[in-house]
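Lifted from Swiss-Prot, the feature list:
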type	residues	note
BINDING	H37, C84, H87, M92	Cu cation binding site
DOMAIN	1-99	domain 'Plastocyanin-like'
Amino acid sequence: IEVLLGSDDGGLAFVPGNFSVSAGEKITFKNNAGFPHNVVFDEDEIPAGVDVSKISMSEEEYLNGPGETYSVTLSEKGTYTFYCAPHQGAGMVGKVTVN
């Protein structure tokens, strides 16, 4: 599945913002905006036992331009919450359920 960082109208959002994947399915986050975004998984809102450092970008790491991507594959079933560090306060938060 491809998830856009930034809506087509310039909104600070993940598109889609709430989605499901199968365990082992690749998720590709793609910057859809002219400014930096990233994908940080919330260590308190992922399944127990998952190492957040293995799935998350760091808060200081960015996809700086349109078309830049970050991919991750989640193998543990459950719900994962993620956010864009610079825009979390503006509501740029998403959720993925792994089945």
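Note that the numbers count up from 1, one per residue, in the order the chain is shown.
Each Cβ is built from the backbone N, Cα and C atoms, and glycine gets one as well.
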Inside 10 Å of the Cβ of C84 (Cu cation binding site), count up the other Cβ atoms and send me the figure.
28
For the recorded Cu cation site, enumerate neighbouring residues of the same chain (Cβ within 8 Å of the Cβ centroid of H37, C84, H87, M92, site residues themselves excluded), in sequence order.
L5, G6, L12, F14, N38, Y83, A85, P86, Q88, A90
Intrachain C-beta neighbours of H87 (Cu cation binding site), sequence separation six or more, cut-off 8 angstroms:
L12, H37
Who sits close to M92 (Cu cation binding site): which same-chain residues at least 6 apart have their Cβ under 8 Å from its Cβ?
L12, A13, F14, H37, Y83, C84
Using DSSP, what's the helix, strand and coil tally for the domain 'Plastocyanin-like' (1-99)?
10 helix, 37 strand, 52 coil
Cβ neighbours of H37 (Cu cation binding site) where a neighbour is any other Cβ within 10 Å:
25
